[in-house]
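Taken straight from TrEMBL:
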TRANSMEM  B:6-29  transmembrane segment
TRANSMEM  B:36-56  transmembrane segment
TRANSMEM  B:62-83  transmembrane segment
TRANSMEM  B:90-113  transmembrane segment
TRANSMEM  B:141-161  transmembrane segment
TRANSMEM  B:182-212  transmembrane segment
TRANSMEM  B:224-249  transmembrane segment
TRANSMEM  B:261-280  transmembrane segment
Amino acid sequence: MLRLALPLALPFAIVAVAFVLLSQTDAYIIRLATTFGMYAALALAWNIIGGIAGYPSFATAAFFGLGAYVTAVAQNLGAPLLVGVGLAGAGAALFAGLLGSAILHLRGKYFAIASLVIAEVLRELTNSWTSVTGGGMGINLPLAKTTLLTQPQLYLAAMLFLAAAATSASMLIDRSRLGVALRCIAQNEDAAQIIGVDTRMAKTWAFVISSLFIGLVGGVYASWVTYIDPTDVYDGAMSVKPILMALLGGVGSVFGPVLGAFAYLLLEELLWRNLLEFHAGILGLLVVLLVLFLPGGLSQIRGVGLVSLPKIWRRAP
Amino acid sequence: MLWLQVLVNGLAVGGLYACIAVGFSLVWGVLNIINILHGSLIVLGGYLAFFAHQYWGINPFLFAPLAGAVMFAGGVALQYCVINHVMARPFLITLLLTFGLNLFLDNSMLALFSADYRKVLLNPAPGVFDLGSIVVPADRIYATLVGLVLISALALLLRFTQFGRAIIAVRMDRDAAALLGVNVRWTYAVAFGLGVFMAGSAGALLSAIFPISPVASAGYLSKAFVICVIGGLGSIPGAVIGGFALGVIESFGALLLGPEHALTLAFVLLIALLAVRPSGLLGRQGFA
């Protein structure tokens, strides 16, 4: 029982303490912490399919945008925020299940390209389906009605909650049969198939769980910023950022993406603040330096990254 | 007649599209790298042609090989000094490296040239060839012809020169090639340089037909993706067929569904093709 209770409870406990500490600070800190929650959840979600299963998905932007638009449309039709976000998660997961049956048999680069294109298709469809999505003009969301918390506090709580849920899910997957199957697939998919792993099922589940979280994050994001447009939420950078975070922290490990998200957020914030005009260029240079010079975690797809927390974790009784 | 006109419109840009994709395909086939930088390199070629036309009055169609040659040197240096260091890593790493380089180049061009769309205005304007019931825009025909000439030159170079054979040998088995005395690092550098050459030339050809801007680079990259997957990766004939196929698909897509859906149709086709036949229409191992 304890084996299950700990991964379920620990992330939420940490997040609850963090929320209490952070919720009374100034708006800037709260915004940063909310962004951190969002990045951590996205990086953890990508890590399930991209890291643990070793399938380099570039579809994060697609599910993020889909979630954002589902929430936006549902709210504009009068659904409450919670229902909108729930629909966003369900929609993204369902879409991933259907999509997975079409593209998850592709390997390596072919999978990467197919997943990369999904966001482009969805963006174009969103752009042209003006009657529902508002097209290129974007779409406004109603302000969330809050009683207990202020607006910023609500989104801080929501994003941190999603990050905790994604952490819990990662920890549970890591210890489950699914996790073993996914690691086998990452190492050698043919061998995994031969020894009897249902690779198709495992990959599809990983893709669905990953997309579920991405869709939920997209939904909360849409409500947070109250205005979205296709180029914003289907931005290709949204697909690459979680990969960078996971790489920074350690691909395939459970806590690596969280650390990576923190490190990435710090870098991004510093660059934004100091080099508004050229921040994307410097970010590009940093990516190049990271890839070229940060040894260890980067060289292997199943690397350990900055800190070998998962090892410490496993050593504990 | 309308259908014929639409077909001709599609075919007229086919060679240009093939030119966009062939360098991307070469780099993918030989170096096993998805070169995210490709779209920005096309735009850079376009700017070279734009400024060459503005300051020296050189016709972009004639300038295309020159733009390619200038960028070839840069491409060789980039591969030799930077990308060669990560060639042994998983492809996600090389992809991220080119993604980072792409961010840098895009942002640099944005800072240097601004996001304004610019276009080479030829004087006199190329006009159209009037073939009775259908008209053919002359600039597209010129671009397609120059593109096909350059692609043929590349194919001949790969087929008949020692360096070309070395590139093919490295593509087939890099360790065996190294044992036989091929300098693999240098061969990679030249192969990447050739890919950049084609991107630069394609950009120069584009600059006289479509407006160029740093923000357009992602569009060219996705076109290169689609063309490569339609035609099959790592084959020059595949890129040519894919280029013409995309031209025709876009042209008919624009007629049937409206111009804003032309590229979406191509993307949907790409996913369907990947799901059914990942190696493309002419895909095979080995290049050329």
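For all residues, glycine too, the Cβ spot is worked out from N, Cα and C.
TrEMBL: automatically predicted annotations, no manual curation.
In this chain, the transmembrane segment (B:182-212) touches the transmembrane segment (B:62-83); three or more CB pairs sit within less than 8 A of each other, excluding pairs fewer than 6 residues apart. For the transmembrane segment (B:182-212), same-chain residues at least 6 beyond its ends with a Cβ under 8 Å from one of its own Cβ atoms are 13, 16, 19-20, 22-24, 26-27, 30-31, 33, 35, 38, 41-50, 53, 59-61, 63-80, 83-84, 87, 117-120, 122, 126, 139-140, 142-143, 146-147, 150-151, 154, 157, 163, 166-167, 169-170, 174, 220. Two recorded stretches are said to be in contact when at least 3 C-beta pairs lie under 8 angstroms, sequence spacing 6 or more; the transmembrane segment (B:224-249) and the transmembrane segment (B:90-113) fall short of this definition.
Packing against the transmembrane segment (B:36-56) from elsewhere in the chain are residues 20, 23-24, 27, 63-64, 66-68, 70-71, 75, 95, 98-99, 101-102, 105-106, 109, 113, 118-120, 195-196, 199-208, 212-214, 216-222, 224: each is 6 or more residues past its ends and has a CB under 8 Å from a CB in it. Beyond the transmembrane segment (B:6-29), the same-chain residues lying 6 or more positions past its ends with a Cβ under 8 Å from any Cβ of the stretch are 35, 38, 41-42, 134, 136-137, 140-141, 143-148, 150-151, 154, 171, 191-192, 194-199, 201-202, 205-206, 209, 220-221, 223-225, 227-228, 231, 233-236, 238-240, 242-252, 255, 286-287.
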